[in-house]
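Following: one structure in structure tokens, then a few remarks.
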Amino acid sequence: MKDKKISKSIKMQVQKIPTGIEGFDDVCRGGLPAARSTLVSGTSGTGKTVFSLQYLHHGICNFDEPGIFITFEESPLDIIRNAASFGWDLQKLIDQNKLFILDASPDPDGQDVAGNFDLSGLIERISYAIRKYKAKRVAIDSITAVFQQYDAIYVVRREIFRLIARLKEIGVTTVMTTERVDDYGPIARYGVEEFVSDNVVLLRNVLEAEKRRRTLEVLKLRGTVHMKGEFPFTMGDDGIIVFALGAMRLTQRSSNIRISSGVKDLDEMCGGGYFQDSIILATGATGTGKTMLVSKFIEDAYNNKERAILFAYEESRAQLNRNATSWGIDFEKMENEGLLKIICAYPESTGLEDHLQIIKSQINEFKPKRLAIDSLSALARGVSLNAFRQFVIGVTGYSKQEEIAGFFTNTAEEFMGSHSITDSHISTITDTILLLQYVEIKGEMARAINVFKMRGSWHDKRIREYIITGQGPEIKDSFSNFEQIFSGAPHRVISDQSIPNVFKGIEKN
């Protein structure tokens, strides 16, 4: 008897179907509830139509589930043309009887509406198409257009409810779009659309620091769990990609294998080198040698016949090659041999989510063992702290997932003196932190390096001087005769030898 109750409760659980939209199914913990309706709401240009088309296209191509697309706005020809820009051949699917586009768009010549509004004819057409094509998925774009054509909102709501009820009765999973006036205002323009649907997904395209940032939020998923909050997404060549950072799991393996920094003395300071799956951050003022350490890191990968990829956001390819040559490193040779790939771009050329997707796709294509980003601080310009933090988490999480050693640089705002490396929460995400700084000693400028942090390993705690030579950095002894080096005001420590003998026996209070 107990087993029967358990079996019955399992059957009563809400079943989900995957949408095939990358990252979205993670946010929904498996996909959309089957045989239910989902309202996708957003302002103009947020990607509502793309979402509904991608849902149908992936359902047909990945899960062999035929679909029906009902358009109240655009003509079928326009929809087919727009979908082609994402590589989706809808005409081919139509010819294969796997997709049917039902045209309910208004007459371009206009029409006079007389009598009572009724969707009975349309409901029967949709029901017939579902039976004919054995459709499992339906998309309606958009129900806002229906409200715009008729004044009696309560009547339109009743008819939309009838349509959704019929689709649920048939057993298809429906996605319908609606337009809202403001990204953080009412869910839908007419204030009633959300009440006829089981689930609500909000798409936003918010202006932040003179840039548009797209986010997705699952507001409601009736009868089942989902991830809360806004998640960044981008629209690329393959459609919508959601960055579900909250779905990332700390399940990656941890390696004890060491790799070289490319600088022998720095390896000794790190207890034998970096761990091969670690994230290293070099932070310091401009000109302290951060890019040089990146170059040595890449050179060591080349010497070990390993692939490396460099994303440069502050210098051009020609400038990088010239600077590397001054340290005896030949980037052009590495690229010609297929062991190095350099990608240069202005941070302002696109949004952080697009930069993240480019990094992930390039890593997936090139399959490097080492990744370098020069610099993170350039990408932080003109974006919100939360957006930047999500970007860093996305990059580090993907690097660890792929078991890639990552070397990132960060330019400190202070030219001399102590500086914070925790403002953007970078320090807690990275495994190793190298502090580089200028110090003034006896009227001359010197450079100092310190291994500030290294997870899981002993490391040298001393602050050591280093100089830049034609072969890269040369690390010297520590500033043993000075203290408060990183404060910007170092002063000499008085040794016992400089104290007169008469005072040596006096104990300190």
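Just so it is clear, glycine is given a Cβ too, placed from its N, Cα and C backbone atoms.
For reference, Swiss-Prot has these:
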| type | residues | note |
| --- | --- | --- |
| BINDING | G45, T46, G47, K48, T49, S85, K220, L221, R222, T224, H226, D237 | ATP 1 binding site |
| BINDING | T49 | Mg(2+) 1 binding site |
| BINDING | T286, G287, T288, G289, K290, T291, W327, R447, K453, M454, R455, S457, H459, K461 | ATP 2 binding site |
| BINDING | T291, E314 | Mg(2+) 2 binding site |
| DOMAIN | 1-243 | domain 'KaiC 1' |
| DOMAIN | 257-509 | domain 'KaiC 2' |
| MOD_RES | S427 | phosphoserine |
| MOD_RES | T428 | phosphothreonine |
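Locations of recorded Swiss-Prot features on the structure.
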residue	record	Cβ neighbours (10 Å)
G45	ATP 1 binding site	10
R222	ATP 1 binding site	13
H226	ATP 1 binding site	18
T286	ATP 2 binding site	14
T288	ATP 2 binding site	25
K290	ATP 2 binding site	25
W327	ATP 2 binding site	18
S427	phosphoserine	16
R455	ATP 2 binding site	13
H459	ATP 2 binding site	17
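Between the C-alpha atoms of S427 (phosphoserine) and H459 (ATP 2 binding site), the distance comes to 17 Å. For the recorded site, the residue listed as 'phosphoserine', the DSSP three-state label reads helix. Annotation for the recorded positions T49, T428: lowest Cβ count within 10 Å of the residue's own Cβ, T428. Counting in whole angstrom, G45 (ATP 1 binding site) lies 31 from E314 (Mg(2+) 2 binding site) by their C-alpha atoms. The DSSP secondary structure for K220 (ATP 1 binding site) is strand. Nearest by CA distance to K220 (ATP 1 binding site), out of the recorded positions T288, T291, E314, T428, K453, is T428. Cα separation, T288 (ATP 2 binding site) to T428 (phosphothreonine), rounded: 23 Å. Cβ neighbour count for G47 (ATP 1 binding site): 22 (other Cβ atoms within 10 Å of its Cβ, all protein chains included). Checked against K453 (ATP 2 binding site) by C-alpha proximity, the recorded positions H226, E314, T428 yield T428 as the nearest. Taken together, the residues in the domain 'KaiC 1' (1-243) have a mean pLDDT of 87 on the 0 to 100 scale.
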